[in-house]
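Novice: Provided herewith is a single structure, encoded as structure tokens, for subsequent inquiry.
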């Protein structure tokens with residue numbers, strides 16, 4: 001099993017490029033199921049989750065390949081007849097596999113999709129997906145770990161539906177289903193993340209009638225058919241945010257190229273609050289970590305609030321602050337599993353339910369640590385960069401689900417980091 005080995009305490013200097021957003025690429029690739037023909041999705045990161053979705057679509061009868069000479073382009077050939085099943089063997093490692101449910105129901109009128117897997121960061125049920133699809137006319141049964149869904153009328157029908165809670169994949173799944181439904185659909189209390197808007201843009205490029213994607217109310221007028229997709233996904237705001245936090249660590253000076261400043265407003269506000277210097281530069285943002293951070297209080301929230309996917313990374317910065325910070329996690333339960341590993345590095349963190357109190361220390365010291373989920377693994381890499389001595393991050397398969405060769409991106413900044421194949 002691979003591990004990442006870091007010799008920490010070395011200042012980072014220079015520029016780093018952001019890959020395409022995994023969480024935008026996955027729904028856009030799934031949307032290809034809505035239309036027969038040859039599709040092209042650009043700026044796609046080469047990540048484990050993307051490869052898993054490609055295998056899943058291949059199982060359904062699609063041809064999926066990376067572009068020759070351009071590994072960031074994924075080309076798909078979707079046949080007229082698509083197998084409507086997503087088996088457990090492929091779905092178990094990636095929660096986003098459930099995104100095929102909406103397109104399959106909309107185009108084929110039936111689907112059999114295994115209940116999803118993914119990171120172990122608490123309950124992330126798909127009940128909102130199923131309630132909304134039922135409102136569109138689907139009949140759904142859960143049997144033997146599978147969602148079995150059919151459309152008795154032959155075609156989904158438009159509806160007005162209000163999500164009980166904001167859900168990114170739920171919003172995306174229902175958007176795709178409604179794109180081929182008969183009549184008008186209005187979705188309320190929708191997730192407002194940039195990735196939702198990106199999917200809306202991709203659907204419009206396919207000929208769908210979608211308005212409001214990226215706001216809390218989305219309007220969709222169903223059409224009989226869609227054309228093949230050609231779309232470039234947005235940059236990964238979480239990867240960008242991870243590098244921005246790296247730049248804010250004491251003594252560092254990092255320019256993150258390709259990030260969208262508008263997607264980073266909540267994070268940038270906190271980075272400036274801790275004392276980091278953040279400036280817009282051509283094509284990105286520059287962050288300078290000027291001295292020991294100041295403590296801040298952080299509360300995660302759905303977009304445009306502070307992203308839960310950046311909570312662990314920011315905690316690393318606050319572990320070095322001159323004072324005590326408070327982090328409140330409101331989005332997912334059980335998302336402080338990285339805390340025990342940070343404590344192994346010398347951090348002082350106490351967790352009470354959804355609240356973590358972080359008492360800053362002058363420095364961290366390297367040690368072997370074990371990743372528990374995707375963003376926790378990124379946080380441990382950041383901590384290793386800041387710590388004195390050697391840090392080994394184990395179970396980096398979590399990291400590979402969301403970061404594209406992170407060690408190869410950090411090394412040119414001066415980081416002493418390498419992957420040891422196991």
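Placement of Cβ uses the backbone N, Cα and C atoms for every residue, glycine included.
Grabbed the feature section from Swiss-Prot, which reads as follows:
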BINDING   22, 23  phosphoenolpyruvate binding site
BINDING   95, 124, 125, 126, 127, 128, 309, 331  UDP-N-acetyl-alpha-D-glucosamine binding site
ACT_SITE  119  active site, proton donor
MOD_RES   119  2-(S-cysteinyl)pyruvic acid O-phosphothioketal
Novice: Would you mind reading off the Cα separation of residue 125 (UDP-N-acetyl-alpha-D-glucosamine binding site) from residue 23 (phosphoenolpyruvate binding site), to the nearest angstrom?
Specialist: 18
Novice: Comparing the binding-site residues 22, 95, which residue's C-beta has the most other C-beta atoms within 10 angstroms in this structure?
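Specialist: The most densely surrounded of these binding-site residues is 22.
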Novice: Rounded to the nearest Å, what's the C-alpha distance separating residue 128 (UDP-N-acetyl-alpha-D-glucosamine binding site) and residue 22 (phosphoenolpyruvate binding site)? Just drop the number here, would you?
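Specialist: With the alpha carbons as reference points, the distance is 22 Å.
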Novice: Determine, to the nearest whole angstrom, how far the Cα atom of residue 331 (UDP-N-acetyl-alpha-D-glucosamine binding site) is from the Cα atom of residue 23 (phosphoenolpyruvate binding site).
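Specialist: Approximately 17 Å lies between the Cα of residue 331 (UDP-N-acetyl-alpha-D-glucosamine binding site) and that of residue 23 (phosphoenolpyruvate binding site).
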Novice: For residue 126 (UDP-N-acetyl-alpha-D-glucosamine binding site), which residues of its chain lie six or more apart in sequence with Cβ-Cβ distance below 8 Å?
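Specialist: For residue 126 (UDP-N-acetyl-alpha-D-glucosamine binding site), the qualifying residues are 98, 115, 116, 147, 169, 170.
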Novice: Between residue 309 (UDP-N-acetyl-alpha-D-glucosamine binding site) and residue 23 (phosphoenolpyruvate binding site), how far is it from one CA atom to the other, in Å?
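Specialist: Here the two Cα atoms lie 11 Å apart.
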Novice: Out of 23, 128, which of the binding-site residues is least crowded by other Cβ atoms within 10 Å?
Specialist: 128
Novice: Once the chains shown are all counted, how many other Cβ atoms turn up within 10 Å of the Cβ of residue 125 (UDP-N-acetyl-alpha-D-glucosamine binding site)?
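Specialist: Taking every protein chain into account, the count is 11.
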